[in-house]
Amino acid sequence: MLTTMSASSNTNSLIEKEIDDEDMLSPIKSNNLVVRVNQDTDDNLQALFDSVLNPGDAKRPLQLPLRMRKLPNSFFTPPAPSHSRANSADSTYDAGSQSSINIGNKASIVQQPDGQSPIAAIPQLQIQPSPQHSRLAIHHSRARSSPASLQQNYNVRARSDAAAANNPNANPSSQQQPAGPTFPENSAQEFPSGAPASSAIDLDAMNTCMSQDIPMSMQTVHKKQRSYDVISPIQLNRQLGALPPGWEQAKTNDGQIYYLNHTTKSTQWEDPRIQYRQQQQILMAERIKQNDVLQTTKQTTTSTIANNLGPLPDGWEQAVTESGDLYFINHIDRTTSWNDPRMQSGLSVLDCPDNLVSSLQIEDNLCSNLFNDAQAIVNPPSSHKPDDLEWYKIN
């Protein structure tokens, strides 16, 4: 019996030892990483793209129609025609368009037959008649929400004051308003008493209606901005330079620049530097025009003289400089000359353009030589010259 118990105890100890050995080896086995590769990854990704690109091929569960869902009645009511994304303040300015529509607060209950549960009827719309005054169309777009539209309010108030001054039979309350184009403190004062303050009236339409009774001399055509450009003095000095002596630059209360001439004790809107530049441009244009006329006259005179003298000698060539002066080239001697080779007398000193003789002097010499040649042709010298002075007087 003892032998059996000892054998069983030895067996149990061996089993426990083996278990302990496995526990000691377990951390070593955990270092072995297992890599699993899913071969269907590309197919699954392609299936996702196909479900988006081809929605008809994908199997979608059936959805409940909108009418069968528990949605409020306002979900199926279309918006008002004047309510759009283009309006810059739909909830504020468009509230006046719905002011004439009132919804009944009390919902009528309809009793169903056969003991069914009562159903609340849809509230009916009660449309009230429009007010007596005719309302203008509302066209408040985003383009008019800029600060430049403040000038339109400025013009509207100015025209209303002018109309009240021209019409003595108008409402006295409107004539008690202070004259001058001031902005209203409350926007509700600009609208009729029957219309809500939140309703927006088209400013352009109001300007058109009011301008029909105002003369053309009082109408303002330039609405949205000033008719002058506000430029800093530093920028003007950089572009145009300093002011001439005796001039000073100043500004009005509105910021418009004007100029004072302390010499003549006068003021003007135009910049004297711009006026000086314009005068310089005019003078330059006149000088260029005069030079063109002079060059044309030179070329015409030179061509006329050349045609009367006949062709050039052999080896000579006629050319013109960049400034329009005429000179001659001798290809035989390889020299240049201002003198016409067809006229050999009186110009031997001016044989080279390096002498820098002005073209006007050359033309004067040419004209004097031509005049002498013409006189010799018309009045040939007589071989017998009498000593009597009367002959010289007659001839």
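Indices start at 1 and increase along the chain as displayed.
Positions of Cβ are set from backbone N, Cα and C atoms, glycine also.
Of the candidate ranges 129-150, 261-282, 283-304, Swiss-Prot annotates residues 129-150 with the feature region 'Disordered'. When SER74, SER84, SER227 are compared in Swiss-Prot, the phosphoserine annotation sits on SER227. Residue with Swiss-Prot feature phosphoserine, selected from SER8, SER88, SER187: SER88. Taken together, the residues of the domain 'WW 2' (310-343) have an average pLDDT of 86.
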